[in-house]
Amino acid sequence: MDKLTIQASPPLAGDVIISGAKNAALPILMAGVLAETDFVVSNVPNLRDVTTSCKLLRCLGAEVTELGDGQIRISTTNLNEFCAPYDLVKTMRASILILGPLLARYGTADVSLPGGCAIGARPVNLHLHGLEMMGAKIEVKEGYIKARVDGRLKGAHIFMDMVSVGATENLLMAAALADGETVIENAAREPEVIDLANCLIAMGAKITGVGSATLRIQGVERLQGCNYRVMPDRIETGSFLVAAAVTRGRIRCLKADPASLESVIAKLEDAGAKITTGEDWIELDMQGKRPKAVNIKTAPYPGFPTDMQAQFCVLNALAQGTATITETIFENRFMHVPELIRMGATMELEGNTCIIQGIESLSGAQVMATDLRASASLVIAGLVADGKTIVDRIYHLDRGYEHIENKFQGLGAQVVRTQ
């Protein structure tokens, strides 16, 4: 099993090119099922979850062609299977996003209950309740969601009990081909949801309210393929910015989207970073200074993203002062904390809050990645820890970061992948 070996590194310096967003690419790939003609997606990152998504589409009978340079073409002409099996779904929660498209276009879908990162109960009931309101008959048995609808799904007025990115995306895709108008209230407003909506509009969907908490979708009878470019990955961008801040360096993230990262940029500025942005780049310069502690409370967009919480735990571990980080989105999302404590961090958990006393330095250790973003935080910690850090189980990292060791090496870090 691969691992990363990290030596204490100098301040990061240079340019890093940001990949396409995993959390936008996965639903957009699933949306290919809705299109009657060829659909080409570009700026798709080369990640394990993307590979799994392509396998899932092929398993359904779709023709998936990797055109190189981050481009994937999807043709559904021969799609004739409607079951997403356990062996694929268990490795990737986003597989649930095939449910809405299959049901909307073909009237039938069997999807295994999902797996993915083990960071608490992320229930699928919001997805199922919304589809039932649109006329689907759903039963869960033998570990599968079995959904059917006679004819087309029907437009409905859906109020989401809680903000859910995945459920918003699933219902948005289903509603695009439904009969009549669907209104989704308390919809997720994340940039990745906006990206999916813009993609569906390019395919011929009629959607208004994009970027707001109320989405209105006037269903159409058919959608066509299009060429669509996936947005930049804001979490990858944020991870590199935090790494630069922790190492007191100066880097520039290219092919980025500053507008999608306002809450993270604000916190980095609070920590003492000098940040400059252009239309598609962000520069962070710590001017050699140690970061200052910053309090964080995760929240749905436009609040502070839960996917950046672990990285800021590391920043605060090495910052001047004491900070609290409160996690409001997922329970059980502080699994990186015991590993950081093993590296010498002064942290204490109280319920869903982590209290962190900043110290001057960490010590290298053998640590274990438990989920995608936790693994990124351990790599960042290794960059500033005295001695050698080995991060095991980095298959988590490969689910969300493209060529992470190469990108860090390009910024001057000593990071090597080994068997």
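Glycine is no exception: its Cβ is also placed from the backbone N, Cα and C atoms.
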Quiz item: Taking I72, I74, I282, I329 as the options, which does Swiss-Prot list with R93, D307 at the UDP-N-acetyl-alpha-D-glucosamine site?
Solution: I329
Quiz prompt | For I329 (UDP-N-acetyl-alpha-D-glucosamine binding site), the three-state class that DSSP assigns | solution = coil
Practice problem: Could you say which of the binding-site residues K22, R93 has its Cβ with the most other Cβ atoms inside 10 Å? | Solution: K22
Quiz item: Largest pairwise Cα distance, Å, within the listed UDP-N-acetyl-alpha-D-glucosamine binders R93, D307, I329?
Solution: 16
Quiz item: How many other Cβ atoms sit within 10 Å of the Cβ of I329 (UDP-N-acetyl-alpha-D-glucosamine binding site)?
Solution: 21
Quiz item: Cα-Cα separation of K22 (phosphoenolpyruvate binding site) and D307 (UDP-N-acetyl-alpha-D-glucosamine binding site), in Å?
Solution: 12
Quiz item: Measuring Cα to Cα, how many angstrom lie between R93 (UDP-N-acetyl-alpha-D-glucosamine binding site) and N23 (phosphoenolpyruvate binding site)?
Solution: 11
